[in-house]
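Trainee: Right, I'll just put the structure down here and ask away after.
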Amino acid sequence: MMKAKQLLVIGFLFSLLLLVDAHTTESISEHEENANAKAVTIEDQKQINRGRRSGSGQNRGRRSCDPLYQYLFGVCGRWPFPTTPSPDNPFLPFQPPRSPPRPRPRSPPRPRPRPPPLVPSPPPPRPPPRPRPRPRPTPPPLVPSPPPPPPTPLVPSPPPPSPPPIFLFPSPPPPVLAFPPPLVPSPPPPQPPPLWLPPPVFTLPPPLDEFPPMPPIVWLPPPDVPGQSSPAEDFDLIPP
């Protein structure tokens, strides 16, 4: 019995799962179909808009194309100069000059209506007389205030107690500082008497002769020439 119940429960659960799965697959497929339909409609609208834009652009291009330029060159374009008809074109049919419009006869100016006479305005009404101000009531008489009560007599406070007497003891004299006697330097030891050495004896070398002795001059007598006096005689005749 227990196994049969378990099998029934399992079969019931399995059937529920199958139903849920089928329902989810159907909902997913419907959602995908709706999304595809929306995408198709959006693409169709885009194509329609593009066709409209291209048609309007072609119409604009056709409008901006000059027929003669397109016939001659096979390309849509316009001439680089104005194509409006000139009034001085000799090939245009003759048109008689327009007569200037006749001036209309001026009508006499209408008399301006005079303004009505100024009527003086009535004087403004006088303001009503102001009521007189009522007299203010007199203030009540000032009642003098009673004199202040006399002040209480001042009782002198007792004198403060005298402080205890202060006994002044003489301070002890400061201690006398005994300084040691000054140090006297000891006399230097006696020095031996200085030894006076005799001055050294310098021997002067003999003076050197500045110039060496001249060799003795030997006077050779010149050769004797007949008829001339010898130079020795002339030398002897020269006074010293």
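Just so it is clear, glycine is given a Cβ too, placed from its N, Cα and C backbone atoms.
Per TrEMBL, the feature compositional bias 'Pro residues' maps to 86-100, 114-128, 136-207. Among the features that TrEMBL reports, compositional bias 'Basic residues' is placed at 101-113. The region 'Disordered' annotation in TrEMBL covers 43-64, 86-207, 219-240. TrEMBL lists 1-22 with the feature signal peptide.
Describe each of these features in terms of where it is and what it packs against.
Mentor: Within the compositional bias 'Pro residues' (114-128), the DSSP-based counts of helix, strand and coil residues read 0 helix, 0 strand, 15 coil.
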Trainee: Taking a Cβ cut-off under 8 Å, which residues six or more beyond the ends of the compositional bias 'Pro residues' (114-128) line up next to it in the same chain?
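Mentor: Here no positions qualify.
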Trainee: Just to be sure I understand, if DSSP states are collapsed into helix, strand and coil, how many residues of the compositional bias 'Basic residues' (101-113) fall in each?
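Mentor: Residue counts in helix, strand and coil order: 0 helix, 0 strand, 13 coil.
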